[in-house]
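All remarks here apply to the structure that follows.
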2 protein chains.
Amino acid sequence: MSKTISPLAPKSYPALPAIEGVRIATAEAGIRYKNRTDVLYVSLARDTAVAGVFTRSKCPSAPVDWCRKNLGKNGARALVVNSGNANAFTGKKGIEAVKLTADFAAKAAGCRASQVFIASTGVIGEPLDAARFKGVLESCEKKAKPLAWVDAAKAIMTTDTFPKVATRTANIGGIPVTINGVAKGAGMIAPDMATMLSFIFTDAPIAAPVLQALLKKGADKSFNCVTIDSDTSTSDTLLFFATGAAAKRGAPAITLPSDRRLKEFRQELEGLLSDLAQQVARDGEGARKFVTVKITGAKGAISAKRIAMAVANSPLVKTAVAGEDANWGRVVMAVGKAGEPADRDKLAIWFGDIRVAAKGARDPAYDEAKTTAYMRGSDIIIRVDLGLGRGEATVWTCDLTKEYVEINGDYRS
Amino acid sequence: MSKTISPLAPKSYPALPAIEGVRIATAEAGIRYKNRTDVLYVSLARDTAVAGVFTRSKCPSAPVDWCRKNLGKNGARALVVNSGNANAFTGKKGIEAVKLTADFAAKAAGCRASQVFIASTGVIGEPLDAARFKGVLESCEKKAKPLAWVDAAKAIMTTDTFPKVATRTANIGGIPVTINGVAKGAGMIAPDMATMLSFIFTDAPIAAPVLQALLKKGADKSFNCVTIDSDTSTSDTLLFFATGAAAKRGAPAITLPSDRRLKEFRQELEGLLSDLAQQVARDGEGARKFVTVKITGAKGAISAKRIAMAVANSPLVKTAVAGEDANWGRVVMAVGKAGEPADRDKLAIWFGDIRVAAKGARDPAYDEAKTTAYMRGSDIIIRVDLGLGRGEATVWTCDLTKEYVEINGDYRS
């Protein structure tokens with residue numbers, strides 16, 4: 001955890017209500033950090049459905065392999081997350097460490113090891129000493145409480161400067177259900193330590209395949225639209241748990257993704273995921289500005305997304321934003337390098353509401369002073385219209401500052 | 001031009017000999033810089049063949065459009081390059097500025113406008129006032145001399161900290177011919193100003209289509225293997241001029257790319273292009289370390305190149321190198337995110353000759369002190385063997401330092 005809190009941190013945190021069937025505990029296992037919690041344990045009611053979306057890395061961590069293997073089996077009864085060590089690229093020892101962690105948690109929760117979901121974030125390549133969890137998880141099971149959401153968000157932080165939580169309510173068949181989520185980021189990745197992790201919980205009675213469909217679609221519109229530095233972690237994990245406890249209050253069981261009663265739930269879920277994803281960008285390593293890149297008029301949605309990512313990942317665009325420089329030439333450059341259909345002479349670019357370029361040249365009404373004033377704000381919107389079609393995309397990122405280099409450079413010499 | 005010279009600059013420059021048919025002049029046109037040359041004019045003998053390779057940007061500059069249009073027409077008689085303004089995203093005015101420049105040069109050289117090749121590097125989006133070249137190019141034609149190679153390299157610099165020149169000799173049919181080259185970089189891109197430019201000259205009598213084939217292949221193995229920050233300029237231009245003057249000394253005319261007498265020339269050309277490309281990486285913005293990324297054992301050559309670029313473009317790998325941190329976990333991450341075939345449990349990674357990881361885990365013989373000592377050097381080689389096939393690739397880059405952010409951030413506030 002960094003000592004300096006991001007200037008883009010939220011001014012206050014929402015109070016997250018309890019979700020029936022979810023109990024939370026955190027602990028200090030001393031894996032890497034001293035004097036802070038580094039283990040999150042979540043106890044889940046019987047018959048909790050689970051869905052997951054994971055890193056696309058070809059070198060995923062041992063916990064990611066474990067979660068993938070156990071999705072679609074027999075639900076979830078416990079979640080164990082540690083910070084400080086990613087248990088990635090740890091070979092056989094890494095697989096054994098995951099198995100041992102699951103065994104400890106299974107014993108504590110009274111379930112099968114395959115019902116334990118695990119995520120790890122931290123250093124890559126260091127063996128994780130799972131023996132440290134012995135006793136810790138049992139004690140967590142005993143002390144777990146329904147309202148420790150901010151504690152949960154804190155225990156999984158690495159270089160994050162603030163805990164990330166969000167909550168929503170939705171009606172399903174006239175019955176209100178709750179969705180709570182926590183996340184950590186600090187980048188898609190972090191200094192020695194890595195990973196975007198997020199865990200979402202609801203009491204809605206939604207079957208696992210439906211939950212998976214909702215999560216997949218929601219992730220594409222939220223976490224998959226965030227980039228800090230174009231580097232993808234070995235360990236990115238987004239899990240969604242549904243205890244189904246709202247069924248007792250009359251909420252209908254949802255077994256089909258096409259069920260119309262999901263309409264509001266889907267909206268609220270997507271809002272919550274976007275909220276958490278934007279918090280991740282607001283806490284990007286060294287971030288001083290939150291940047292929204294909106295592409296319109298592209299040939300199609302995929303093309304728009306690729307162009308948006310090319311702009312959002314461009315070190316030159318990001319350093320210009322850090323420097324409060326309305327350098328739209330770099331936006332042109334980034335659009336040009338994306339490899340997607342673009343016609344220089346149809347391009348238009350805005351910073352906020354100020355159109356700076358149109359029809360292949362600087363806007364005749366361009367006003368340097370007005371644009372520079374806009375760039376001094378902490379929330380910057382860069383919009384590009386390609387003038388070719390109806391493809392649109394929005395992605396979120398942050399600026400690239402000297403602090404990013406400092407955090408990740410660890411100038412040892 | 002920066003005042004601090006890159007610590008990776010060559011200790012001395014080679015003396016470039018004259019190439020018959022090539023005369024060089026530089027001038028101060030005051031386009032953006034004060035008290036330095038910003039125009040390069042090269043006069044070329046009649047019947048000079050020309051080949052070119054350009055940026056893949058979908059938003060290319062007006063000079064790039066011009067050069068593309070005139071390749072394969074009637075050879076080259078003059079080259080005009082300016083620094084300080086890229087004449088990119090300048091609309092109709094940009095096209096007019098190129099035409100006017102070509103007209104001035106054609107008048108000076110006594111040739112057609114289509115025989116004038118033009119490149120511009122500098123700010124994007126600012127109209128280029130080509131009227132400033134009036135008189136300047138005629139005076140250049142008059143004073144042009146055969147040996148002003150370093151002056152040529154200096155006139156085209158933007159944020160480069162040293163001029164980049166190289167020379168080679170090769171025999172064609174028993175007759176020695178010369179190849180000289182100049183380049184500028186400072187990144188694929190530079191602060192407000194942009195662009196990788198390189199111009200190669202030879203007296204060998206090589207027909208334009210053969211020259212084009214040689215250049216294309218050579219560029220793929222050299223300039224296309226350099227990345228500073230993954231940002232591609234709107235203006236990248238590599239031009240190759242062959243005056244053919246060596247024919248008078250008995251060198252045979254080469255009209256087919258398959259001509260075996262090209263063997264040595266091809267080797268020397270590729271060596272020269274690699275030399276210049278590596279100089280560009282050594283002068284990357286803020287660079288303190290020169291990094292070679294070698295991939296072996298990939299499924300194929302394209303796959304190897306993509307993985308090499310993923311490693312070389314990773315901000316986390318580059319900041320780790322800046323911090324002299326042997327953080328091979330980030331190399332694993334970069335391999336994993338490349339989207340190419342990779343098997344975590346077959347990967348091996350070396351820093352220099354030190355194997356740090358093998359078979360999906362840290363090397364049992366890993367020695368932190370030894371590896372850290374290696375990272376203190378100024379030339380770092382990162383090698384990854386995928387263990388899957390015979391695909392290989394090598395790319396060059398530099399580290400990512402706070403100076404990069406400073407140079408490009410232009411903290412105005």
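Just so it is clear, glycine is given a Cβ too, placed from its N, Cα and C backbone atoms.
Copied over from TrEMBL, here are the features:
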type	residues	note
ACT_SITE	B:Thr195	active site, nucleophile
BINDING	B:Thr158, B:Lys184, B:Thr195, B:Glu285, B:Asn408, B:Ser413	substrate binding site
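For the recorded site, B:Lys184 (substrate binding site), the DSSP three-state label reads strand. Closeness to chain A is evaluated for the binding-site residues B:Thr158, B:Lys184, B:Glu285 by Cβ distance, with values under 8 Å counted; no residue is counted.
B:Glu285 (substrate binding site) counts 30 other C-beta atoms within 10 Å of its own C-beta, drawing on all protein chains shown. When other Cβ atoms within 10 Å of the Cβ of B:Asn408 (substrate binding site) are tallied across all protein chains shown, the result is 29. Counting Cβ atoms from all protein chains shown, B:Lys184 (substrate binding site) has 29 others lying within 10 Å of its own Cβ. There are 27 other Cβ atoms within 10 Å of the Cβ belonging to B:Thr158 (substrate binding site).
Taken residue by residue with DSSP, B:Glu285 (substrate binding site) is part of neither helix nor strand, so it is coil.
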